[in-house]
Ligand code: FBP
């Protein structure tokens with residue numbers, strides 16, 4: 001089969017009426033920026049890019065040098081293309097407007113420039129996650145409130161994993177597709193079209209060290225997985241946790257599985273609503289997973305139906321093989337009902 005490049009795939013999507021020229025150009029620019037981030041990540045210690053930047057981001061987290069470098073690369077690449085009205089990032093408090101000297105477009109771009117920061121210095125896969133929304137027609141200078149659109153309104157979502165191979169996964173709402181970077185040619189080539197996540201699975205991903213802080217329905221659900229054949233589920237489950245959401249989700253898109261970052265007592269005690277961010281982690285991953293036949297919920301609601309209230313809002317994340325997500329969500333709703 002003749003290899004299909006990302007550019008060719010985008011032209012096919014345009015001909016199919018799934019995307020317009022501007023969105024196609026936007027994805028090309030983001031993919032090119034991620035190729036530059038891949039070069040920086042792959043340099044590691046030789047590039048002087050490891051370690052902390054000495055600054056904190058809007059969430060009060062210590063920024064890694066590569067967090068800042070990746071953010072700069074994505075901002076610079078998307079400033080002059082004429083396809084964006086503004087962009088927002090995990091590393092910036094407020095949206096970044098497009099400089100006046102450049103033409104503005106109809107799209108809003110949100111991104112987590114380097115996901116899995118805790119793994120950067122230990123040479124474990126990290127990634128970039130992005131989501132594309134339409135800028136409201138009558139808005140020239142988009143503010144944070146113009147980004148607060150439900151995940152169902154996303155025009156595109158994707159992530160790039162910087163691992164043994166550099167892989168881009170993408171959806172426009174017509175299936176989820178994978179492209180692998182051909183380093184010799186320097187372009188992304190279609191490696192899997194229309195990915196399907198198995199309905200059932202025997203593999204789960206969660207940070208078990210947080211177990212004692214979880215809510216009762218989560219304790220029950222994970223307890224049953226750990227009980228395996230000796231418990232009510234009657235089958236054994238295996239566990240994996242890379243602590244890079246992109247890598248854990250990519251495994252699920254490759255062989256099935258489920259990923260959980262639930263609420264816990266410490267987060268609730270601080271008045272929090274989760275660890276992972278809705279706009280540039282949960283929403284794009286939920287769109288990608290649902291388009292591959294999986295499910296994504298907060299444990300109570302479908303993530304894509306949530307009405308965002310803040311740019312850096314956090315939510316619980318349950319995603320992956322449909323049967324498990326539905327069962328874990330059912331346990332939470334049942335417990336709420338019992339409490340209701
Ligand atoms: P950032 O690295 O972008 O802040 O993302 C958060 C994250 O690293 C996810 O990628 C990952 O799933 C999770 O946090 C790991 O959490 P923990 O450190 O509790 O295992």
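Glycine is treated like the rest: Cβ placed from N, Cα and C.
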(message) Just to be sure I read the record right: 112, 115 are listed as binding Mg(2+) 2 in TrEMBL. Which of 224, 281, 290 is listed for the same site?
(response) 281
(message) Just to be sure I read the record right: 112, 114 are listed as binding Mg(2+) 1 in TrEMBL. Which of 90, 141, 145 is listed for the same site?
(response) 90
(request) May I ask you to find which of 35, 43, 275 TrEMBL records for the substrate site already listed with 115, 116, 117, 118, 207? (result) 275
(message) For a quick check of packing: other C-beta atoms within 10 Å of the C-beta of residue 118 (substrate binding site), how many?
(response) 12
(message) Max CA to CA distance in Å over the substrate-binding set 115, 116, 117, 118, 207, 275?
(response) 16
(message) Other residues near the Mg(2+) 1 site, CB within 8 A of the CB centroid of 90, 112, 114?
(response) 67, 70, 71, 89, 91, 111, 113, 115, 117, 128, 129, 280, 281
(request) Mind tallying the domain 'Fructose-1-6-bisphosphatase class 1 C-terminal' (197-332) by DSSP state, helix then strand then coil? (result) 65 helix, 23 strand, 48 coil
(request) Count the other Cβ atoms sitting within 10 Å of the Cβ of residue 275 (substrate binding site), across every protein chain shown. (result) 19
(message) Rounded to a whole angstrom, what is the C-alpha distance between residue 115 (Mg(2+) 2 binding site) and residue 90 (Mg(2+) 1 binding site)?
(response) 9
